[in-house]
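Annotated features, as they stand in TrEMBL:
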| type | residues | note |
| --- | --- | --- |
| BINDING | 185, 208, 210, 212, 307, 309 | Mn(2+) binding site |
| REGION | 153-175 | region 'Disordered' |
| SIGNAL | 1-17 | signal peptide |
């Protein structure tokens, strides 16, 4: 009897539900009010959580720039997954993907950079992630050519802003800026070759614990020409090839052992001045900033290369050749911010090898945060047309007044 009553009740409930369902409108996805929200304050639109979605640098828009030139940009991120020029720990081929993972939180609250008073994610500049340059791991000579050509393809295009205005390149054009995710430090040689094709010999700011100007016979023994090009000799080759502007280059954070005092003499021949890591204890961060600015100036184009081993292994353990006695993440970021006013036309960060990182992703986050400062400096400086405008006293920049 109870079963019969239960069956009758169920049939009655189904009939009532069916009757009411005729008046209901089904929800069709995607329901934008649920997934796309406008943030309060000075923020923008949040698509989803920072721990979901495809990893690009700082959750920037992705476009395969090397497959098509249908998009224009003012700043492009590009990966160079290469690590067969390293002398100790391999693994920096995974650096680009690791840095992107470490950058997920950069614009969680909108991306505003408080010390530099600017938002690089919401400015005059169109910034995108172009993905990675295809790099072979079987032939170093061919890989370096791939990096040079891939980088130059990205660097030499018309920017989104002020493409019709004069700029500081050799052809008098305004070009976009490119930030490269390494990769071991060998990649800086093909990157400098690419940059020099557009700008001529370039001044370099080099953050590193190592000189990287060693003669091949000192570093590696150079059993072949290709073996002589590695992450400890690329600046020697850059000097020999005429890629560096003489006597306007500087290292910062140096604390390595040497083969002898002649290594420093050779470094001077390559056109570098040295700021030792330990100088932070005597002249402080502002003293280091002052030395860098006095060396490279604020009028000519400058290339910035950052080895993550500038940081002490306590802050960045996941690197190819760690050296104790380095700077903290806070100190490096402060020094980078102090470079405001310098004309950075391109940059790289290298030697991030995620396999040696902690579960907390210390190194990849440090690398991403450092590039966040670099990116903000570029945005604050305005399009590179502003270099020419400032030098001739005119005002041809399209940058808003507030920047």
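Heads up, residue numbers simply count up from 1 along the chain you see.
Just so you know, glycine gets a Cβ as well, placed from its N, Cα and C.
These numbers come from a predicted model, not from an experiment.
Features per TrEMBL, on structure.
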{"residue": "185", "record": "Mn(2+) binding site", "CB count, 10 Å": "32"}
{"residue": "208", "record": "Mn(2+) binding site", "CB count, 10 Å": "28"}
{"residue": "210", "record": "Mn(2+) binding site", "CB count, 10 Å": "26"}
{"residue": "212", "record": "Mn(2+) binding site", "CB count, 10 Å": "28"}
{"residue": "307", "record": "Mn(2+) binding site", "CB count, 10 Å": "28"}
{"residue": "309", "record": "Mn(2+) binding site", "CB count, 10 Å": "28"}
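Cβ atoms within 8 Å of the centroid of the Cβ atoms of 185, 208, 210, 212, 307, 309 (the Mn(2+) site) belong to the same-chain residues 206, 209, 231, 310, 321, 350, 351, site residues excluded. According to DSSP, the secondary structure content of the region 'Disordered' (153-175) in residues is 3 helix, 2 strand, 18 coil.
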